[in-house]
Each structure stands twice: as structure tokens, then as C-alpha cells.
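Colleague: Okay, handing you the structure first.
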Amino acid sequence: MKSLGKHLLAEYYRCDENAINDVQKVENALVKAAEIAGATVIGKSFHRFEPYGVSGVVVISESHLTIHTWPEYGFAAVDVFTCGDHVDPMKAHEYLKEVFGTQNATVETILRGVLNIPDLRHKPGGSCIKGECGDKKIG
């Protein structure tokens, strides 16, 4: 089944509370996870809350990685949304589990933009002309 993207939703339980409360460690981990997955990082923004918790986003040319942490519960929620064929969101997930000392994790992958079209036209040289892509009308 062809799709425009993969959206990995991960929940990390029993994490190292110090690791998921350290904004620099969380930022470095998400950037490295993006690179390990084969993505191209184009931007990032992270914030540490008081008294605890970190939220952040790494924007990649193929979409994004996000995180929200609750160190007081040892919990982190991570999304890895990738478009195209060359990025592997599971590689990012496996790396982040290790870095955050996750004792238990759940993961779900959702295919985004499952279209009934012969070609994925977001590739170089492709386009949807006049709002028509295959047998789908756009707009």
C-alpha cells in the first residue's frame, strides 16, 4: 500500500527521569535520532518547563519529530512523522528508547495519505495537475 508518509507514535514508560528532564539531552537525542533514521534536520525548538518537563520539535525536510516528557511519571510521548522512502522512523524509535533508559515502550505506526494513485507525485518531477491525482479529485 502506497502512502505519502509514516507516522510513528511511541509512548515510553519508566524512563530515566533525569534524562527526560534535561532539555539539552532531549534535544541532542532527537536530533541524533533524526540523523540515525536518515532524515535531514532543518530546524529545532525545545523548551524546559518548571518545575519539570520538556517539549520539543525537530523539523526535518521529510516532516518532523516531537517529544513531550513528564519526568515526574517517568513518561515521554514521541511522534516521528516521515515522508518519502529513505527515512526509517523505527531506527529513531530504537535509539530514543535506549537514550532515555526506557523500561517499557509501546509503538504504533500509521500510514498517512494513503491514496489510490499509481504514482506518488510529491517526488521530484511529479505533480498533480489541475487538482487531479490519479482517480482522486483534490479541492
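Each residue, glycine too, has its Cβ placed from N, Cα and C.
TrEMBL entries are annotated by machine, without manual review.
Per TrEMBL, the features are:
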MOD_RES   Ser63  pyruvic acid (Ser)
ACT_SITE  Ser63  active site, schiff-base intermediate with substrate
ACT_SITE  His68  active site, proton acceptor
ACT_SITE  Cys83  active site, proton donor
Colleague: Would you mind pulling the DSSP three-state label for Ser63 (pyruvic acid (Ser))?
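Modeller: For Ser63 (pyruvic acid (Ser)) - judged by DSSP and reduced to three states - the answer is strand.
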Colleague: In angstrom units, rounded to an integer, how far apart are the Cα atoms of Ser63 (pyruvic acid (Ser)) and Cys83 (active site, proton donor)?
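Modeller: Answer for this pair: 6 Å between alpha carbons.
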Colleague: In sequence order, which residues at least six apart in the same chain have a CB under 8 Å from the CB of the residue listed as 'active site, proton acceptor'?
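Modeller: Sequence-distant Cβ neighbours: Gly53, Val54, Ser55, Ala76, Ala77.
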